[in-house]
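Worksheet: one structure, shown below.
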Amino acid sequence: VAYHNTGLLRTPMQIALGLNFFNFCIVSIRVKESLPAHLRAPFQIKNANPIGTVRFLLAKQRRFLVAFALMSLLDSFSFQLLISVLQPFTVIAYNFSISEYSGLMMTFGISLVLAVTCGMRPLVKRCGEVFTMRLGYVLSCLGLLLFGVTYYFGHAAPPHDRPGRYLLYECAIVFACGAISGPTQSAIAARCVSSSQIGKLQAATGSLETIGKIIGPLIVLGTFAPSVASGHPSSIFFAAALVLLPGVLIAMRIHTFIPRRVLERPWLPPSELIPPGRKSRMHECEMRNNSSFGSVDNFDTKM
């Protein structure tokens, strides 16, 4: 709308800048620090880099968290790769105008918001967090494959008449629905550490997500132009799906990485994820007094 009213490409960017500044002012003025002063860790330069916080994951009793971190890295990488390549791909493959691409991104954004706010909660309530996480990774990988496959529908037709230009919207919806994996994955991982270590866990996984966001555009820079020259511009999506595939496989086997005590905790949702041999132990766990586990703060030392 801003572009149509002004005819200037920089107008949407200026509006985005203004909204970000407004958000910064609200956070700076209204949001107060919730963490008590005695619980705040001092700043350490050795941790002020994307790799420093990853050491938290490498401790012997927490090494299983590497699975969650790797999933976050692959998910972030594939997402950033898609965002980096989608605009030039739509122009090269389908001669998309600015308005058409804006419509595609609006469809993607609205679908993402609806999936996380409206679809994820009832799905978690009915099927459990781990099932929802698995479904999210499958949808993300499937969405990338669909982006690649639909390019070849009516490939011989002119760009404006190819079915793929209209199927892109459905592909965007499928990929956006995969966003349900992020919050559920974070919730499961947070239950694997003590309450005082959740911040360190989020910092470590966030660092790897940042690395994925850096690598994604670099891969596009080195591979997209050659794929266009070879006549297969959608091959970048197949590559992204291939990169995300290990994340899907880890999600399918995540119950083998989670410590037994976490699986047995009665407030973890899906009974479908408890191996048959452990179901009786889970029932026994539900009958125990919560004090048998000790405090949550000491939970990490008992895994």
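Glycine residues also receive a Cβ, built from the backbone N, Cα and C atoms like all the rest.
Marked as transmembrane segment by TrEMBL: 64-83, 103-123, 135-154, 166-190, 211-229, 235-255.
Within the chain carrying the transmembrane segment (211-229), a Cβ under 8 angstroms from the stretch's Cβ atoms is held by residues 50, 72-81, 83-85, 88-89, 92, 235-236, 239, all 6 or more beyond its ends.
Contacts between the transmembrane segment (103-123) and the transmembrane segment (235-255): absent, as fewer than 3 C-beta pairs lie under 8 angstroms at sequence separation of six or more. Tertiary neighbourhood of the transmembrane segment (64-83): same-chain residues 54, 57-58, 137, 140-141, 144, 147, 175, 181-182, 185, 188-189, 192-193, 201, 204-206, 208-213, 215-217, 219-220, 236-237, 239-241, 243-244, 246-247, 250-251, 254, 257-259, selected by CB-CB distance under 8 Å and a gap of 6+ residues from either end.
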